[in-house]
Amino acid sequence: MTENTANTGLAHIGVVGLAVMGSNLARNFASRGHTVALYNRTYEKTAVLMHEHGADGNFIPSKSIEEFVASLERPRRAIIMVQAGPATDAVINQLAAAMEEGDIIIDGGNALYTDTVRREREISAKGLHFVGAGISGGEEGALNGPAIMPGGTKESYESLGPLLESISAVVDGTPCCTHIGPDGAGHFVKMVHNGIEYADMQVIGEAYHLLRYAAGMEPAEIADVFKEWNTGDLDSYLVEITSEVLSQVDAETGKPLIDVIVDAAGQKGTGRWTVKAALDLGIATTGIGEAVFARALSGARTQRAATIGNLPSGEVTTLEAQGVDKTQFVEDVRRALYASKLVAYAQGFDEIKAGSEEHEWDVDPRDLATIWRGGCIIRAKFLNRIKDAYDTNPEVESLLLDPYFKEEIEGLMDSWRRVVVLATQLGLPIPVFASSLSYYDSLRAERLPAALIQGQRDFFGAHTYERTDKPGKFHTQWSADRTEIEA
Ligand code: ATR
């Protein structure tokens, strides 16, 4: 129980919206000794929660928003866990109408950060605080310890932070929750976190696909490979659950479950938002982009029904025909996965840096590498390395330039290239492996074909170009005598 209010009988925090995430979060608060106010639009969910878990802690259920607000200690802190979009706006407005100056409204859903920026502006004009907080970890995380990324004012974090830190995951004694920055900063970094998650899942998927369809391994065998990988550089929640999924046998058919799951991936939108924001910011998040497109393509079921088996492959080969040793191939795939993952994370952090600069949020990337180590879906040992990289040089132009990662990539390079070439020769899709390698080669290239693009742009649209040998902007008079003029 928080010290200052131990005996007021009022709740320390309230949760509005008691679907799975909301009720698990409420239970998590209660399990840490906090008194939790509860409200859901329809009372049924509140009643179910009270019936099933009411005895697990101190809850104050309410049937109206006014009653709910009155049950909170001041400054009131209410976390909204309802559907993103209009439902969130509706609840914010109801709460704002019933609250008083200094109270804090927290949106714990996956809101689009631009909505959070707008809401913060509107709510702060009423003298209230509005905190957009990204919460990651799924249902299990919400109940036992998520990673939490709160935005909003520093002042609101002083009151709210200790409560959120008390329910978050903890790694090496550090809570996986910290103040990210003003207004939409928390939801922005949560969005990019989800984008990185898309890329991470896709590279794991590509590795699985190669082991299965290039090396001809069975799912159970591949499950063991992932289990083994989980003891090294790739140690992460996603690799761990991959092994679990691949070893699952379908009770109905006796087949590996993976073989009876339809290969059309769903998405709720945060990956797409990450790519849209990256496009607006001019940041090349190719890994996340390819991962989002890969899901879209997998889900284009009508198109695939027409194309599967109906498009020529050209001459494709096999590992045996290429004389590739299977053990070496498995290790090559692991390295290609790791290298592509490094690129995707580097790109995600680039986007966060660009977003932070654009919105003047002053987000510290070290904070993210720290709090993402636990609770969230992309939690991984490897995040410690990212933190170290930013500790070494907070201004590093790309994580790929960090001495540790540079050395790692050097050791992965040959395998990565071999896998991309082989997969292409075998006719197997590897959108993130391949695009990450192209991105990497682009970053280190002395010359890019962009010079030609500038020439073309100048030719058809007089868009001008810069010269390598002197400052200024120039135009070649293409349709006249082709002499160059300074623009
Ligand atoms: P989950 O994915 O965890 O199931 P969700 O679909 O994101 O949750 O959100 C569902 C919650 O939003 C429910 O608590 C729902 O309230 P009801 O139980 O009354 O349906 C709440 N919700 C949806 N629209 C709402 C609105 N317009 N006003 C208030 N709450 C709303």
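Each residue's number is its place along the chain shown, starting with 1.
The backbone N, Cα and C atoms fix where each Cβ goes, glycine too.
Please treat TrEMBL annotations as automatic predictions, because they have not gone through curation.
As written in TrEMBL, here are the features:
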type	residues	note
ACT_SITE	Lys190	active site, proton donor
ACT_SITE	Glu197	active site, proton donor
BINDING	Gly17, Leu18, Ala19, Val20, Met21, Gly22, Asn40, Arg41, Thr42, Val82, Gln83, Ala84, Asn110	NADP(+) binding site
BINDING	Asn110, Ser136, Gly137, Gly138, His193, Asn194, Tyr198, Lys268, Arg295, Arg457, His463	substrate binding site
DOMAIN	186-479	domain '6-phosphogluconate dehydrogenase C-terminal'
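Taking the recorded positions Glu197, Tyr198, Arg295, His463 in turn and counting surrounding C-beta atoms within 10 angstroms, the largest count is reached at Tyr198.
Of Lys190, His193, Tyr198, Arg295, all annotated as recorded positions, the residue with the shortest Cα distance to Asn40 (NADP(+) binding site) is Lys190. The maximal spread of the substrate binding site, taken as the longest Cα to Cα distance among Asn110, Ser136, Gly137, Gly138, His193, Asn194, Tyr198, Lys268, Arg295, Arg457, His463, is 48 Å. When each of the binding-site residues Ala19, Met21 is scored by how many other Cβ atoms sit within 10 Å of its Cβ, Ala19 comes out lowest. In the three-state DSSP scheme, Asn40 (NADP(+) binding site) is classed as coil.
There are 24 other CB atoms within 10 A of the CB of Gly137 (substrate binding site), with all protein chains counted. Within the same chain, residues at least six positions away from Gln83 (NADP(+) binding site) with a Cβ under 8 Å of its Cβ are Gly109. Fewest Cβ neighbours within 10 Å among the recorded positions Lys190, His193: this applies to His193. Within the set of binding-site residues (Thr42, Asn110), the lowest number of other Cβ atoms found within 10 Å of a Cβ is recorded at Thr42. Cα distances from Gly17 (NADP(+) binding site) to the binding-site residues Gly137, His193, Tyr198, Arg295 are smallest for Gly137. When other Cβ atoms within 10 Å of the Cβ of Asn40 (NADP(+) binding site) are tallied across all protein chains shown, the result is 24.
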